[in-house]
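K.L.:
Here TrEMBL flags 1-24 as signal peptide. According to TrEMBL, the transmembrane segment annotation covers 134-152, 158-182, 231-254, 304-330, 336-355, 362-381, 393-412.
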Amino acid sequence: MVSVDLRSLLLFSAVLRVVLIIYGEWQDSHMEVRYTDVDYIVFSDAASLMASGKSPYERSTYRYSPLLAFLLIPNSYIHCTWGKLLFSASDLLVGYFIYCLLKLRCVPENLRIVSVAVWLFNPFTFTIGTRGNCEPIVCAIVMWIILSLMNGKVMQAAFWYGFLVHFRIYPIIYALPILLVLDPSNFRPGSRPSLQEWFQHKPLQSVDASRFIHPFNPLLHFKSLLTKEKIIFGLISGTVFFFWTGLFFYLYGWEFLNEALLYHLTRTDPRHNFSIYFYHVYLHHEFEFSVLEKLVSFLPQMAVQLFLILYFAQDLPFCFFAQTVAFVAFNKVITAQYFVWFFCLLPLILPWSTMKLKWEGFSCIVVWMGAQIHWLMWGYLLEFKGKNVFIPLWVASLLFLAANTWVLVKIIQRHRFSPLFKLVESKSSKTRKRL
């Protein structure tokens with residue numbers, strides 16, 4: 001087997017992405033179907049407005065933080081591919097962070113390289129960035145937050161977490177598991193937390209329920225939140241979030257608040273997408289939805305989130321992965337770019353999986369891809385052929401939800417539970433044991 005180091009892997013990945021960006025420019029100018037994502041055009045238009053001193057929200061359908069438009073201002077002065085290069089660079093940075101995270105947990109070099117390759121050469125990954133989607137920036141910040149926590153830098157993690165939730169609101173689902181791992185016994189002044197290392201023949205572990213907050217014990221829940229590390233994390237991340245949100249509210253008013261934040265909480269999109277809710281929204285879109293109706297779809301989503309958090313929080317990378325898969329699968333709107341949210345976390349859990357690519361892993365890939373291709377077939381008939389296939393398309397959405405659920409269950413069943421931090425007993429607990 002040919003040995004490949006990280007530098008060679010990143011270099012080849014960079015060349016691949018530059019070639020795709022150049023090819024994308026050619027396809028955009030010579031073919032009917034554009035390579036560039038329509039969102040990238042929206043980002044670029046908003047950046048152009050901001051460069052001229054106007055509000056980015058004068059561009060209809062721009063529903064992101066002004067920070068994104070600010071990052072793409074060079075599109076107007078340097079070249080229109082600046083944003084694609086920025087997103088692709090973030091893509092490579094994610095690969096580097098994956099390598100660093102696995103190295104901290106003593107995963108062997110060959111496994112680290114394979115895990116990084118799973119991210120860098122995933123077709124969803126390198127096409128998302130080169131087509132002009134901003135999700136690689138989000139993924140890079142998520143990786144950096146995990147890395148900061150593993151190095152014991154709580155304030156740094158809190159700063160970037162507050163920034164991230166402002167930039168892209170969905171990572172709010174990671175707040176509770178982060179708070180649950182901020183155990184005072186792990187985060188001691190002047191020392192890095194003791195990490196649970198990777199072992200090749202480590203047996204499957206059951207979850208130690210004593211390390212989790214019991215959801216039906218309010219007193220224990222309240223006391224466990226009042227620790228120095230959790231209070232610091234909450235104050236810093238909250239301050240950062242409200243600073244950026246307050247600044248842009250001052251600059252752009254309610255238009256910013258509605259488009260960048262509130263819209264994503266009560267979004268009802270009548271366009272067909274992978275979500276099981278799209279058909280109901282399509283049928284009733286002419287009628288005004290109440291706030292209760294807009295929020296009711298969050299109930300099953302949040303119930304699944306709570307279960308996964310309470311069960312897997314101490315195995316933080318796996319908890320993030322399972323949360324994100326479930327969040328996307330049950331969301332009101334699902335597009336292909338959302339898959340990148342959990343694809344960046346997949347390499348972090350692969351070394352702890354007992355699933356073999358042949359045949360179980362292969363069957364998961366076939367089921368997931370098959371359900372997606374089946375949906376795309378009906379979507380093509382609706383979008384390009386004008387066929388009335390709404391019901392078959394909705395059934396395809398149900399099958400896609402079932403496929404996501406089945407694959408997630410299989411991944412959970414084949415995962416070696418491995419808490420991110422070693423349990424370090426305090427002196428008081430040791431004294432109680434002696435007594």
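Our numbering is plain: 1 for the first residue shown, then up by one each step along the chain.
A Cβ is built for glycine as well, from the same backbone N, Cα and C atoms used for every other residue.
Predicted automatically and left uncurated, TrEMBL annotations should be read as such.
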K.L.:
Which stretch, 158-182, 231-254, 304-330, 336-355, tops the Cβ pairs under 8 Å count with the transmembrane segment (393-412)?
P.N.:
304-330
K.L.:
Where else in the chain does the transmembrane segment (362-381) make close Cβ contacts, counting only residues six or more beyond its ends and a cut-off under 8 Å?
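P.N.:
That would be 272, 274, 355, 387, 389, 392-393, 396-397, 399-400, 402-404, 406-407, 410-411.
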K.L.:
Taking pairs 6 or more apart in sequence, does the count of Cβ pairs under 8 Å between the transmembrane segment (336-355) and the transmembrane segment (134-152) hit 3 or more?
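P.N.:
Output yes: the transmembrane segment (336-355) sits against the transmembrane segment (134-152).
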K.L.:
Where else in the chain does the transmembrane segment (231-254) make close Cβ contacts, counting only residues six or more beyond its ends and a cut-off under 8 Å?
P.N.:
55-57, 65-67, 154-155, 157-159, 161-163, 165-166, 175, 178-179, 182, 260-261
